[in-house]
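Copied from Swiss-Prot, the annotated features are:
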type: BINDING; residues: 71-76, 105-109, 129-130, Lys142, Lys151; note: NAD(+) binding site
type: BINDING; residues: Glu184, His247, His263; note: Zn(2+) binding site
Amino acid sequence: MTDETTEILVAGANPYPVVIGRGLRFDLARHLGSAVSKVLVVHPPTLGAAAAELRESLAGQYEVLLTEVPDAEAAKRIEVASFLWCIMGQADFTRSDAVVGLGGGAVTDLAGFAAATWLRGVRLVQAPTTLLGMVDAAVGGKTGINTAEGKNLVGAFYAPAAVVCDLDMLISLGRNELLAGFAEVVKYGFIAEPEILDIIERDVDAATDPESAEFRRVVELSIGIKARVVGEDFTEQGLREILNYGHTLGHAIEHAERYQWRHGAAIAVGMVFAAELGRLSGRLSDDAVERHRRILASLTLPTSYPLGRWQTLLAAMQRDKKARGSLLRFIVLDDVARPTVLAGPDQSLLFAAYQEIAS
């Protein structure tokens with residue numbers, strides 16, 4: 001275990017650092033800056049004590065307001081966003097104030113959306129406390145909430161001032177929550193960095209130990225890939241689309257299951273579906289498809305979905321924000337680290353891929 005701090009820059013029109021290390025949640029003032037007066041810390045119920053510690057560390061410099069929101073996807077509702085707007089309005093929040101998202105991906109999505117929309121944008125610092133938040137949700141500048149029609153349909157691209165990843169927060173994270181976050185880590189391995197897959201295959205226990213060098217390595221590799229892609233294509237006009245590997249079906253599963261499935265579990269199944277889609281379209285080898293199943297299963301992530309739900313999933317995918325007009329778009333692989341877009345595949349091909357993952 002190292003105490004060194006790593007800083008990865010997300011380039012672009014509004015560049016920002018992603019800082020990785022230990023004990024960093026007590027160093028947020030450096031990223032909030034001296035011009036800020038009030039700080040709204042948005043956190044879930046499970047992080048009340050951590051939020052109070054954060055308030056104590058900031059109290060000498062800022063007026064700190066702690067606001068508890070529901071856990072997980074229940075936070076990403078218009079009613080909760082409206083609640084945050086009311087809090088900021090009652091506190092006379094101005095453009096010289098700031099929002100901190102302290103929590104998992106759903107909380108940072110919500111906090112980012114509130115910051116992006118209040119007065120058309122106030123300063124935002126993200127402090128993700130889950131693996132999913134660190135390697136994915138908090139890093140890319142996507143913010144948003146869900147609607148009855150689907151996931152993340154209302155939101156904004158909004159760059160934070162910084163993303164602060166305190167690895168110490170992962171030590172006490174529940175095992176299932178940690179492993180669910182590994183779905184996104186595995187995604188990076190398949191679309192861009194085979195070293196991630198090699199580390200997991202070599203020693204899955206070390207790779208998933210938050211205090212190990214192997215764990216830190218896969219986290220830094222994952223964030224580095226996300227930062228590079230987002231820096232080149234912040235608003236998802238081209239390259240960034242590769243980050244959606246496994247997400248078209250994955251988001252449909254989340255919607256079909258009323259968000260009772262963990263995001264990582266849904267994305268794991270979505271990646272196996274995308275791999276089968278690649279194989280059935282003549283792009284990906286049988287061995288590469290089975291490698292998906294083997295690695296995900298080693299992380300106790302699901303690789304199949306119940307039979308008989310296809311029409312529900314198809315309807316959800318057709319409402320997906322990644323679709324272009326009436327055409328569904330899937331990221332598939334020609335090989336490991338060779339992603340490409342499969343646009344408008346025939347529904348018979350999609351159903352055949354679904355049958356391969358149906359249990």
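Each residue, glycine too, has its Cβ placed from N, Cα and C.
Taking the features listed in Swiss-Prot, we show where each one sits on the structure.
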{"residue": "Asp71", "record": "NAD(+) binding site", "Cβ neighbours (10 Å)": "16"}
{"residue": "Ala75", "record": "NAD(+) binding site", "Cβ neighbours (10 Å)": "26"}
{"residue": "Gly105", "record": "NAD(+) binding site", "Cβ neighbours (10 Å)": "29"}
{"residue": "Val107", "record": "NAD(+) binding site", "Cβ neighbours (10 Å)": "30"}
{"residue": "Asp109", "record": "NAD(+) binding site", "Cβ neighbours (10 Å)": "26"}
{"residue": "Thr130", "record": "NAD(+) binding site", "Cβ neighbours (10 Å)": "26"}
{"residue": "Lys151", "record": "NAD(+) binding site", "Cβ neighbours (10 Å)": "23"}
{"residue": "Glu184", "record": "Zn(2+) binding site", "Cβ neighbours (10 Å)": "27"}
{"residue": "His247", "record": "Zn(2+) binding site", "Cβ neighbours (10 Å)": "25"}
{"residue": "His263", "record": "Zn(2+) binding site", "Cβ neighbours (10 Å)": "27"}
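If you measure from the Cα atom of Lys151 (NAD(+) binding site) to that of His247 (Zn(2+) binding site), you get 11 Å. Closest to Gly105 (NAD(+) binding site) by Cα-Cα distance, out of the binding-site residues Glu184, His247, His263, is His263. Sequence-distant contacts of Glu73 (NAD(+) binding site), defined by Cβ-Cβ distance under 8 angstroms and a gap of at least six in the same chain, are Ala106, Asn146, Lys151, Glu254, Tyr259.
When Cα-Cα distances from Glu184 (Zn(2+) binding site) are compared across the binding-site residues Asp71, Val107, Thr130, the shortest belongs to Thr130. Take the mean position of the Cβ atoms of Glu184, His247, His263, the recorded Zn(2+) site; other residues of that chain with a Cβ within 8 Å of it are Leu132, Asp136, Ala183, Lys187, Gly246, Gly250, Gly264, Ala266, Ile267, Gly270. Across the structure, Ala75 (NAD(+) binding site) and His263 (Zn(2+) binding site) are spaced 14 Å apart at their Cα atoms. Cα of His247 (Zn(2+) binding site) to Cα of Asp71 (NAD(+) binding site): a distance of 21 Å.
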